[in-house]
């Protein structure tokens, strides 16, 4: 006892024990202890006994409270570690060997930590887009600016100013040999910027009556750009003239996102009206070819599957032979109902992917066709294996410190790249549906943007 307690502490413990035994109506035991410790009536009188009465119980309950206080966060931490261990074990069980993954772009998936965290925006990041060839990345923010980064070096190259409200989306594309950057904003406008002329604003496209939510160059068209707006419409623009050539009406509420098919014939849109619509834009007056109904809340994002994914998605849909076209045969949508839905061209939901704990903000198909990637307000990036019925095989927890609002995959590099940086991929995906061909090379690079003001680069 003397090795643990000082003489004074030991004496106080003895007195507290005697007081406890006396109060517990155990006088014989108390007397035996007093005799053993040589604590006579002159030393341990009634006043002293009163002083130490209840002291032992107080000390004991304090220790119990301290143990609970100390153990509760420890138990939580253990449960969290067990959960992470379960996720990692699941990834290990479902993954190919790491060495093969690193060497095979078709099997590559992002992993933490990111290669770069790009910081400069002063308000939440809303969008990101890769240059089709060069190592340039554009990011848009609620701070009204667009920033151009070198994603390989992790360095800021320039800040573009021109919009007077939040920048909501950006995309690279345009005429062959003359890649442009398009941006759209809550200021109701779309702006075109020339990367070859220090990102000079070469044209502003007015016409929408409310915030412009999304912009995408249409593959194969060269000059055509599609936009989605809170005014409930989509518009198709000729970027060489600045004229709106078609207006698509059909949604009952805010149109949130838009994605053109790989052959440029179809456009998929999502809306606050809980629906997504597939439009045939080859006709003079486009109308929805099919309306996708099933989500229980606002549909925030969409993606059209590359032909490389058709075999996996066809099997999931129970189709023996995958489609041979490069049109919008399969699609994915993400919603505030926390789910992702996979659809076929007939408008049938072939699978619902559940796992996110908050709004699904962004979707992108792996160019190799095996995976679908998603980001969410739950701060995670998830990878869904289309060869395993859409099973979630990888989760990057805390991919950001706040809501993850956007995700883009760097477009594949085509071997016959022109000197001006056009590779036939106006919207970051190969022309004519050739998602992965002998003449293209997958770039294993992903960018995400968040409310935490950071853009993150995940790369092999």
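Numbering starts at 1 and runs along the chain as displayed.
Note that Cβ sites are derived from N, Cα and C of the backbone, with glycine treated the same way.
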Between 28-50, 51-73, 74-96, 120-142, I'd like to know which one Swiss-Prot lists as coiled coil. 74-96
Go through the chain and flag residues at least 6 beyond the ends of the domain 'LisH' (9-41) whose CB is under 8 A from any CB in it; none is fine as an answer. 1-2, 48-49, 51-57, 59
Which listed range (207-247, 250-289, 294-354, 355-394, 441-460) shows the maximal number of Cβ pairs under 8 Å with respect to the repeat 'WD 1' (120-161)? 441-460
Chain residues in Cβ proximity to the repeat 'WD 8' (441-460) (below 8 Å; excluding those fewer than six residues from its ends, i.e. six or more beyond): 102, 105-106, 108, 110-112, 114-119, 121-128, 130, 137, 139, 141, 149, 151, 154, 362, 364, 367-368, 373, 375, 379, 381, 396, 399-413, 415
